[in-house]
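Quick notes on the structure that follows.
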Amino acid sequence: MAELEAGSICMAAGGGGRLRNALSGVLCAFTLLLIGVLAFSIRLFSVIKYESVIHEFDPYFNYRVTQFLSKSGIYEFWNWFDDRTWYPLGRVIGGTVYPGLTLTAGTIWWLLNSLNIPLSVETVCVFTAPIFSANASWATYLLTKEAKGHGAGLMAATILAMVPSYISRSVAGSYDNEAVAIFALIFTFYLYVKTLNTGSLFYATLNALSYFYMVCSWGGYTFIINLIPMHVLLCIVTGRYSSRLYVAYAPLVVLGTLLAALVPVVGFNAVLTSEHFASFLVFIILHVVALVYYIKGLLTPRLFKVAMTFVLTVGLALCFAVVAILAALVASSPTKGWSGRSLSLLDPTYASKYIPIIASVSEHQPPTWPSYFMAINVLAFLVPAGIISCFLPLSDASSFLVLYLVTSVYFSGVMVRLMLVLAPAVCILSGIALSEAFNVLTRSMKFQRPISDDTLPTAGDSTPGSSSTATITTSTKNANIKKEKMGTISKERSSKKSRKETELVGSSPVRPEKEEKLCVLPSEASAMGILFLIMLCGLYVIHCVWAAAEAYSAPSIVLTSRSHDGLHVYDDFRESYAWLRHNTEVDDKVASWWDYGYQTTAMANRTVIVDNNTWNNTHIATVGTAMSSPEKGAWEIFNSLDVKYVLVVFGGLIGYPSDDINKFLWMVRIGGGEFPHIKEQDYLRDGNYRVDAQGTPTMLNCLMYKLSYYRFAETDGKGFDRARRYEIGRKHFKLTHFEEVFTTQHWMVRIYKLKPQKNRVRGKLKLKLKSSSKTSLMRKGAGKKNPWR
Amino acid sequence: MPKAAGDAKLLIQSLTKAYAATPTNLKIIDLYVVFAVATALVQVIYMGIVGSFPFNSFLSGVLSCIGTAVLGVCLRIQVNKDNKEFKDLPPERAFADFVLCNLVLHLVIMNFLG
């Protein structure tokens, strides 16, 4: 709240003399510093409540890459071929990873070490995200300042520093690409708007470099390279073309494309895939338009008409030729030139129809309404006011902000993960709305006293200069406040509406005669308005702190649960990875579902078959098939992959819902996509997925079921699954091809070893020597042990 | 048709007349831009004949030319006296920006050339 107050003070201080300007500058800097501290410290709940660890899945991979980078140096890093994952294929890490985050953390670590500050790589990685969220809030200040001035900038920065949607991806320990990418995104937008406002080539260069950093950090850079052309096109269509627009856009396309092509993971995709074609098309259109404007300047209007027809025909012909070529190129490629993830952005149902791997990730699902409220809270109500304020008056910068908001709202509706892109737009617009509202209310408070004293003098005053204009403005404000008071019946909606009215009325032509009468009761109304807005901000702050402390701080490798007899800590994941690290050979291969691949390589340092970088669908499908096959078939598949250990995550004992049994249908679907003998229907009873007595025999015989529930009935005698809340179907069975080697304290991770192959030669000799009756008995025994089907 | 031809003739005449009035330094920049675009065209034609095998070389060649042309146009926009938007931008500053941007561009191209 201190920041909010300071922000409003700073706004108020804007109009004064030189000393006041300097003071406001100092105050502004101080507020920004506080905002940075706030952004950093609100993300430390996870460290305080849990410990300083890397969170979740992907961050473990990034951590491992950073470790490698800090150990082996940058050149080794570019050439790194990782043979500990995707066995037996391996993965070229240097060429398939977005290196921005890793290089950033690596640089910070190197810098600190060369300053003799001995921090471990892990510590640096844990705190990278909070540091960059402070940077992101500063970048937000700059961007909003370009559009709407200091006050709105400070407000937006404060809001962004604690918006839950961004916190969810940038708490300490959440060492993921998005942590730095959001900063890069906002900063690139800032530099673009800055270039647009100043027309300086210097900022255009910086803009391209910042875009390069964004390309390095995150695949979401395609959002920038499509949004900026959209804005340029919008400017051209609405007749706002200026030479500043040319300076802002044309160098960015050329330099940005070249710089993007330097990043190995993008490479030639920067010119070959259709995500980037829009920018080239707009580049051409911009040149045509620039030429038209240039010729217009040279010629008389009559001649210009003639020239116009000429240029237009030629330009259109050129454009059509280019479009035709592009269309031919796009149509010739099998996926129409769009990668799966981008297609699923444009057509939300695409992924669930065609790409089970993308659809299986929960953060790729469309969001629900509550998740919007969770992610942006009261800001959702402020945004419309912000949009309106952007239209009064509409500048290049504010039209960019509106366009950014509109597109990101669409994208966030497609994929819950892209809520993160929406968050800055929402923060900026609601920052603008809040600051405008504060501006109007405080100004009306400020001019309240003079007007009551000067009513008579102004009515008959002869000096028309500044004082009378001031009166007019104040009286309008007062009228607005009067209106607002009428509108302020209760709650956010009505207040929002009234604020909209305020802004609308503020711009409409004024009739002083009428205003004089409306100058009553404004002071209380504006005080109420301010109080109300502060209360709204207070609610938002409370929600944000709650979200940071409770909802998003859990590291998900350590789970806690609160029950009547105190706090329980489930540290099973690290227990199992430590067991693997200490009790297995260095070159042993561990098979698990792909979710646990990154953690296994990073924490247990063992080779895995598949991991979270889902680049090879067939390989994942193979593991899925093995998990959904009966024991013998699974053993054969795993044995052919040199697997020694199989790891399953099981939540039935403690009621952990996101375990392998609940993910199992995705294994079946992904496996069935490549190997048609796995059919989803075999695992469903009347369309329902269940593992109790109603479960299908295929389900109750598959490897995943067996590995999860082996000896489970021994725990309580009944086999009651706490995650699914029913008794399991098959309780007592033996494993023939696998043996249990380790189960963690709460049974969350169970590790099995593949039994070695029987010594066949001897068995055959014995078979020939001994009598046939004994062999049949043995077979019978084997049949009992192996009851598939 | 004769009307259109007459119009075109008039147009070209007035264009050349208007263009002749531009200052010499702008004309030099124009020449520079035209040369860069022509070089890019030559490279594209060469690519059409021979093929685009070292694709990064082709790309860096063409983009270097286009980039140079674009930066030249930017410089021309900024130093143009008739352009009201850049009145308070001294030409020296514009040229310094131009040099900086060119440096970055060609550093990148040298990296990308392979």
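One is the number of the first residue shown, and numbering goes on along the chain from there.
Placed from the backbone N, Cα and C atoms, the Cβ positions cover glycine too.
As annotated by TrEMBL, compositional bias 'Low complexity' applies to A:462-476.
The compositional bias 'Basic and acidic residues' annotation in TrEMBL covers A:481-503.
Annotated domain 'Oligosaccharyl transferase STT3 N-terminal' per TrEMBL: A:27-429, in sequence order. Across the domain 'Oligosaccharyl transferase STT3 N-terminal' (A:27-429), the prediction's mean pLDDT works out to 87.
Under the heading transmembrane segment, TrEMBL lists A:21-42 (among others).
According to TrEMBL, the transmembrane segment annotation covers A:92-112 (among others).
Per TrEMBL, transmembrane segment is recorded for A:124-143 (among others).
Among the features that TrEMBL reports, transmembrane segment is placed at A:149-167 (among others).
Annotation source TrEMBL lists transmembrane segment at A:179-205 (among others).
The annotation transmembrane segment is assigned in TrEMBL to A:211-234 (among others).
Beyond the transmembrane segment (A:246-271), the same-chain residues lying 6 or more positions past its ends with a Cβ under 8 Å from any Cβ of the stretch are 78, 94-99, 192, 195-196, 199-201, 204-205, 207-209, 211-212, 215-216, 221, 225, 228-229, 232, 279-280, 282-283, 286-287, 290. Feature annotation from TrEMBL assigns transmembrane segment to A:246-271 (among others).
Beyond the transmembrane segment (A:277-295), the same-chain residues lying 6 or more positions past its ends with a Cβ under 8 Å from any Cβ of the stretch are 225-226, 228-230, 232-233, 236, 241, 243, 245-246, 249-250, 253, 256-257, 271, 304, 307-308, 311-312, 315, 318-319, 322-323, 326, 330, 337. For A:277-295 (among others), the entry in TrEMBL reads transmembrane segment.
The annotation transmembrane segment is assigned in TrEMBL to A:307-331 (among others). Long-range neighbours of the transmembrane segment (A:307-331) within the same chain, counting only residues 6 or more positions beyond its ends whose Cβ lies under 8 Å from a Cβ of the stretch, are 274, 277, 281, 284-285, 288, 291-292, 295-296, 299, 337.
For A:399-416 (among others), the entry in TrEMBL reads transmembrane segment.
Annotation comment: TrEMBL describes A:422-441 (among others) as transmembrane segment.
Taken from TrEMBL, the feature transmembrane segment covers A:527-549 (among others).
Only sequence-distant pairs (6 or more apart) were considered; of these, at least three Cβ pairs between the transmembrane segment (A:149-167) and the transmembrane segment (A:422-441) are under 8 A, so the stretches are in contact. In summary, the transmembrane segment (A:422-441) does not lie against the transmembrane segment (A:21-42): fewer than three C-beta pairs, each 6 or more positions apart in sequence, are under 8 Å. A contact links the transmembrane segment (A:179-205) to the transmembrane segment (A:92-112), because at least 3 Cβ pairs that are 6 or more residues apart lie under 8 A. Here the transmembrane segment (A:211-234) sits against the transmembrane segment (A:399-416); at least 3 CB pairs are under 8 Å, leaving out pairs fewer than 6 apart in sequence.
Beyond the ends of the transmembrane segment (A:124-143), by six or more residues, the same chain brings 32, 35-37, 39-41, 43-44, 47, 52-54, 59, 62-63, 66, 101, 104-105, 108-109, 112, 153-154, 156-158, 160-161, 166-167, 169-176, 179-180, 182-183, 186-187, 189-190, 193-194, 424, 427-428, 431 to within a C-beta distance below 8 angstroms of the stretch.
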